[in-house]
Every structure is written in structure tokens, then in C-alpha cells.
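Asks: Mind having a look at this structure? Questions to follow.
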Amino acid sequence: MASDEILEELLNVEVELQDVQDQIKLLLDQQDKLYQRQSELKAVLEQCNESTEPVENGGPAPVEDWSGSFEWDAEADNVRFNVFGISKYRANQREIINAAMSGRDVLVIMAAGGGKSLCYQLPAILRNGTALVVSPLLSLIQDQVMGLAALGIPASMLTSTTNKEEEKYIYKALEKGDADLKILYVTPEKISKSKRFMSKLEKCHHAGRLSLISIDEAHCCSQWGHDFRPDYKNLGILKTQFPDVPMIAVTATATKKVQIDLMEMLHIPRCVKFVSTVNRPNLFYMVREKSSIGKVVINDIAAYIRGSYPKNESGIVYCFSRKECELVAKELRDIGISAEYYHADMDVNAREKVHLRWSKGKLQVIVGTVAFGMGINKPDVRFVIHHSLSKSMETYYQESGRAGRDGLHSECLLFYRPADVPRQSSMVFYENCGLQNLYDIVRYCWSKSQCRRGAFFRHFAEPLQNCNGMCDICASPREVKEYDVSSHASIIVSVLQDTQNNDQRLTMLQLVEKLKTKIKDLDPELKRDEMEQLVIQLILDRVLKEEFQHTAYSTNAYVTLGPLAKQVAQGKKAIKFEICTQQKSRSGQWSARCGKRSLTSSGLPLKLDELRKEIASAHEGLLPHSVLSTQQISMLSVEKPDTLEKLEGMIGKLKTGKYGAKILDEIKKYMDSEHQCQDTSANEQGGEHMAKKQKTRKTLVVIDSDDEDDK
Ligand SMILES: Nc1ncnc2c1ncn2[C@@H]1O[C@H](COP(=O)(O)OP(=O)(O)OP(=O)(O)O)[C@@H](O)[C@H]1O
Ligand SMILES: [Mg+2]
């Protein structure tokens with residue numbers, strides 16, 4: 001067989017292979033759905049078999065209504081408001097609490113910042129005894145225990161840092177029940193490795209004092225999840241040992257596959273499942289073209305932070321590598337932005353220090369790698385910037401989702417340039433579906449006309465919801481024109497064909513370099529980054545593909561011919577390329593968001609923000625948002641309560657008892673200074689007014705006198 005015949009057959013085989021892979025993907029999705037339905041049906045069947053109550057008229061079992069009235073309603077409302085200072089439940093919270101209070105196992109999938117903690121903390125307080133909470137990270141546990149202590153809720157933690165005395169106290173509380181311990185946090189290692197702890201827990205359960213078990217960040221159980229922790233695999237033992245204790249497993253993201261896995265691993269096949277939307281309506285998503293000059297990117301980031309967040313509002317900048325983190329942090333600092341880097345190469349203490357300074361609002365920006373992840377509990381992160389694209393939509397959803405956990409307006413900005421794609425692809429190509437996942441987020445970045453939020457709904461297989469203008473595309477739709485670039489594509493294919501015939505390979509940058517002269521003749525207007533993007537698009541369209549070669553130090557990505565290259569070469573496949581014809585000016589882009597002033601940037605909100613920071617810094621470990629949430633600050637700034645009773649009606653008994661006097665004092669001071677200002681300006685205005693009046697009167701007088709004279 002001649003080599004071109006072999007090549008032709010090879011190309012055909014590759015096209016067929018791709019088709020087969022697409023079909024496998026479809027079948028796997030279908031399998032997922034069937035597994036899901038199977039477990040639902042099994043659960044319903046078991047429920048029907050177990051139900052002792054005769055079903056009325058032989059009809060189907062009644063649907064469980066978790067939003068109805070329950071005997072604990074009044075007490076739950078009281079704790080919610082007077083202890084947690086939360087004025088109303090968010091979506092699904094009440095139902096989840098009711099299911100857990102009814103003794104059911106519950107699986108909760110709720111977006112970051114949705115308020116999952118309340119779903120297990122509130123029942124833990126209402127039920128008799130001690131609740132056990134398993135959480136993966138020390139920093140998360142410390143934040144939670146500190147937050148609960150600030151609310152006066154007896155909570156402790158049993159981790160590698162717990163001293164002997166504290167451990168003794170906790171063990172005694174579990175064994176004898178003679179100390180007040182409502183919530184006990186442990187790391188999963190305690191369950192899998194400490195026999196002593198398990199035996200104490202057994203005693204606590206035996207005495208009927210183990211009220212609830214909660215598994216926070218439950219996705220860590222599943223190998224299919226994004227953050228698998230081996231010790232989470234053993235948590236199934238809890239349900240085996242304590243079958244009658246309700247379990248609440250909570251996580252922010254779990255695909256259907258992960259959900260099924262969790263139910264199996266935790267032994268909660270009959271759990272009530274609450275899946276909330278992935279939508280984060282308060283997040284504004286945007287993508288910006290990234291300059292090829294590093295300094296320009298830094299200047300753009302700095303200008304954005306300065307322009308939109310001049311009052312030191314907190315943010316995160318995610319970078320691709322540790323080296324890049326250090327560089328970006330330094331350059332931002334040089335420009336005058338308070339920024340520090342955070343990555344896995346630093347020792348634990350240094351990382352902790354940076355994290356704590358940022359949590360307390362003493363540092364504006366953390367520049368981190370993906371290592372800055374799950375432990376972030378700060379609710380008022382106002383912006384998350386990606387200096388380079390993430391490796392998948394899921395990773396981007398999680399990283400950007402660290403913004404606005406308090407529900408207030410926050411922004412997620414991603415800097416995209418095509419040349420960043422090969423850097424990521426050479427890292428992810430060995431992962432299962434790694435390249436496909438990366439190409440999905442590349443589509444998100446390059447899209448000129450599709451709502452950014454819609455991309456998340458499609459990715460998580462959720463029905464579309466309105467974006468309400470909360471992404472750059474919906475907020476300021478651009479005029480997009482589609483160009484036929486089939487001739488460009490055919491030149492690219494022929495260049496690569498020649499290269500391959502000479503047994504050579506090209507990286508994307510080398511390819512674009514070669515194309516510069518060839519395509520310039522055809523299209524002198526085409527810019528370099530558009531040429532790069534065209535190559536990327538041809539990879540997404542399977543006309544080209546990436547291949548990887550390992551060297552001692554790195555993995556290089558090369559661009560080669562893909563399964564559909566031949567069709568393009570033969571003119572059988574048209575290639576379209578979207579370009580914005582009406583690109584908004586830079587100032588136009590930024591000014592679109594300028595109306596959104598920060599909440600705590602001036603006036604009374606600023607004063608109350610300073611007060612919460614002052615109170616927090618006077619109490620070791622207490623974080624400002626535990627004193628007053630940003631939402632509470634905005635409510636107080638509008639209502640301006642002047643008595644403890646009114647204040648209590650807004651932030652509850654507990655916070656009023658602790659900080660009420662200081663808050664009222666701050667509001668009063670502010671109001672007095674406002675009145676003074678008003679008086680002064682009224683005087684000034686009054687003076688002006690008088691002067692004007694006199695002037696007028698003078699005129700009048702003149703007229704009057706004239707009148708008089710006339711008389
Ligand atoms: N009903 C509510 N009304 C107002 N604020 C609430 C409500 N429920 C929870 N919050 C606040 O929302 C913030 C986020 O809550 P929480 O830490 O429980 O989120 P989460 O769902 O666990 O998020 P993550 O997945 O990031 O851990 C907290 O500041 C919490 O006090
Ligand atoms: Mg949480």
C-alpha cells in the first residue's frame with residue numbers, strides 16, 4: 001500500500017474512533033442516569049416495604065413534604081434568629097433541617113456559600129446530645145469552632161492540634177455526658193485511625209446522646225469527585241455503627257455519578273436528597289483578552305482592583321504556577337496593592353499566616369495556585385481573578401465560586417489568551433477526559449455571544465435560568481460577525497502536512513510563527529492572537545490535535561493533523577470564526593460595572609465595617625464577619641436602629657447582647673456627625689439663602705420702595 005493510502009485509511013479510522021468515543025460518552029451519560037433512577041427506585045421500594053402504615057385506598061405513598069409545619073418550628077425560628085442572627089431561611093435550608101430533625105438521612109448539594117453549615121448546626125442545637133461533624137481540613141474546623149464559640153454555642157474539635165487536657169474534657173463529655181458539648185468537629189482520620197475515639201463515641205451513642213452525624217465536604221468520599229481524600233472512604237462505618245442516628249452529608253458540587261457514589265459509600269441509600277441549583281446569581285462573570293506582555297496584564301489587574309475595589313475589599317488572584325504566583329504578588333505589591341502569594345511549596349505556618357491576615361482584612365489580595373482551595377471560609381470575597389484559564393469548567397466554577405459567599409454582588413474575571421492553552425493541556429492530557437474538560441473552558445473563554453452563566457448550566461446539565469445581565473456578554477451584547485476562514489484553515493493544514501512529511505513537529509507558537517507570512521498574504525488584517533485562536537479552534541473542531549512529548553524537565557505540546565484535516569484540505573469542511581466587530585473600548589468595559597459601588601466603602605457601612613474589624617482583632621481568632629455579616633451591616637445602615645430592642649429585632653438576641661452597645665454607639669456617633677454636617681451645611685446654605693434672600697429683598701425693597709414711591 002502506498003503511504004498516502006495508508007494515511008487516508010488512518011484518517012478514516014481516526015474519524016471512526018472519534019465517533020465511537022462520542023457514542024461511549026453518550027452511553028456513559030445514559031448509564032449514569034439509569035444508575036440514578038435505579039437507586040431512587042430501590043429507595044422508594046425499600047421505603048414502601050418498610051412502611052408500617054397502611055397506604056390509604058391502596059394508592060401511592062404520600063410525597064414527603066418537608067416545608068410543612070413541624071413541632072420544632074418555633075424553637076428552630078428562635079435559634080435561627082436569636083442565636084445565628086439570620087432573619088430568614090434560604091432556599092432548601094428549612095426543608096433540610098426538617099428532614100434531619102425527623103430523623104432522616106439527608107444528602108445536600110448546595111452551591112458554595114448557600115448556607116450548608118446552618119443545615120446541620122441548627123438541628124445539632126435543637127436535638128438532645130452531641131452532634132459529630134466530620135470535616136476535611138483543620139483550617140475549616142478551626143473557623144467553624146471559632147464562629148460557633150462567638151455565638152455562644154458549645155463546640156469543640158478533636159484534631160492533631162488538640163491538647164491532652166481538651167481531649168480529656170471531650171472524651172469525658174462523650175462518655176459521661178456531664179459537660180455541655182453540642183457540636184464536636186473531627187477530621188476523618190479520627191474515625192479511621194483512633195479506636196479510642198470510636199469507643200468513646202460508641203458509649204455516647206449507647207447512652208442515646210449522639211444526636212446527629214454530619215459529613216461536610218462530602219464529595220471528598222468519592223474518587224470521581226475533584227478532591228478525593230482516602231480517609232473519607234472509611235466513613236461508611238459511621239452508619240454501620242450508628243444506624244439510627246441521622247446523617248447529613250453536604251457538598252457544594254457533586255455530579256450525578258458522585259451523588260450515587262456518596263450514597264453508597266456512606267451507606268445512606270434511602271436518604272432524602274436536596275439538590276439546589278448551581279446558579280450563583282450574585283456573581284458577575286467576565287472574560288478579558290490577556291495581553292502577551294506580562295507587565296500589561298499586571299497593570300490591567302491592578303487597574304481593575306484599584307478602580308473597582310479602592311477600599312481594600314478582599315479578593316483572590318489565581319495563577320497557573322507557583323513561580324507565577326510569586327511574581328504576580330510582587331508586581332502587584334510594587335504597584336501599591338497589598339498582595340501576598342500562597343502555594344503548596346510554602347511551609348504550613350507561612351501559609352497559615354497569609355491566610356489569617358487575609359481573613360482578617362489586613363491583606364487585600366491572595367495570589368494563589370489551586371492549592372488555595374477548600375479551606376477558604378471568607379464570605380466577603382468581592383472578586384476572583386484568573387490570571388490564566390483553569391483546567392476545566394468544574395475547577396473554574398469552584399475557584400470563581402469563592403467570591404460572594406455572603407450573597408452580595410461580586411465579580412469573577414478571567415484573563416484569556418490562546419497561548420495559555422498548551423501550557424494547561426500539557427498538564428492535563430494524562431487525566432481522564434482532561435483535554436475535553438480543558439477544551440470546554442476554552443470554548444467558554446472564546447465565546448463571543450453565548451451567556452457565560454449558560455455555559456455552567458449546560459456543563460452541570462441543569463435547565464437554563466435567566467442571567468439577569470450578570471455576565472459581560474448579557475450586560476453588553478457585542479456585535480459578532482462570523483467569517484469563513486476555510487482558506488486559512490487549509491493553509492494551516494498544508495503547513496502541518498509539510499512539516500509532518502519532513503518528520504518534524506511544531507508547537508503552537510512555532511506554527512503561528514510559520515503561518516505569519518503565509519496567512520498575512522491572504523489576510524493582512526489577521527492579528528497574531530487571532531491566528532493563535534484559529535489554531536486552537538481547529539483543535540476544538542478536531543481538524544488539528546495536540547500531541548505530547550515528555551522530556552526530562554517538562555511535557556511539550558505539539559500541534560498535529562487531526563481526524564478532520566483531510567476534509568478541510570479537500571475543501572469539504574467549512575470553518576467559521578467569530579470576531580467582535582464592535583469591540584467596546586476598555587474604559588467602556590470597565591465603566592459598565594462602575595455603578596456597583598462597594599457596600600462598605602463609605603458612610604455608616606464603612607464605620608460598622610471598621611467596628612467589626614476592631615471587635616474581631618480584640619478577640620483572638622474571631623473573624624470580622626462573625627461579629628456582623630456584610631448583609632447585617634447594610635441592613636443596619638438603612639434602618640439605623642437607636643435602641644437595643646430595635647437592634648435585637650434585626651440581628652437577634654445573642655449578637656445584640658455581645659456587641660449591641662458598641663454598635664448603637666457607632667450608629668449614634670455617625671448620626672450625630674451627620675446632623676452636625678447637615679446643620680453646618682444648612683447654616684452655610686442658610687447663609688447663602690439669606691444672602692440671596694437679602695439680595696432678592698434688596699431688589700424687592702427697591703421695587704417696594706418704588707411701589708411706595710408710586711403710591
Ligand atoms: N439564611 C441565611 N441568610 C443569610 N445568610 C446566611 C443564611 N444561611 C447562611 N448564611 C451565611 O452565608 C454564609 C455562607 O454559609 P456557609 O458557610 O454555611 O456556606 P456553605 O454552603 O457551607 O459554603 P461552602 O460550600 O463554601 O462551604 C455564612 O456567612 C452564613 O452565615
Ligand atoms: Mg461549608
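The count begins at 1 with the first shown residue.
Keep in mind that glycine also has a Cβ here, set from the backbone N, Cα and C atoms.
TrEMBL annotations: computationally assigned, not manually curated.
Per TrEMBL, coiled coil is recorded for 3-37. Feature annotation from TrEMBL assigns domain 'Helicase ATP-binding' to 97-272. Look at TrEMBL and you will find 297-446 tagged as domain 'Helicase C-terminal'. Residues or ranges marked as domain 'HRDC' by TrEMBL: 598-677. The annotation region 'Disordered' is assigned in TrEMBL to 675-697.
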Asks: Checking distant contacts: for the coiled coil (3-37), what same-chain residues at least six beyond its ends satisfy Cβ-Cβ under 8 A?
Replies: 255-257, 259-260, 542, 562-566
Asks: For the coiled coil (3-37), what's the mean pLDDT in this predicted model?
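Replies: A mean pLDDT of 77 is what the predicted model shows over the coiled coil (3-37).
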Asks: DSSP on the domain 'HRDC' (598-677): how many residues come out helix, how many strand, how many coil?
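Replies: Each residue of the domain 'HRDC' (598-677) counted once, the result is 64 helix, 0 strand, 16 coil.
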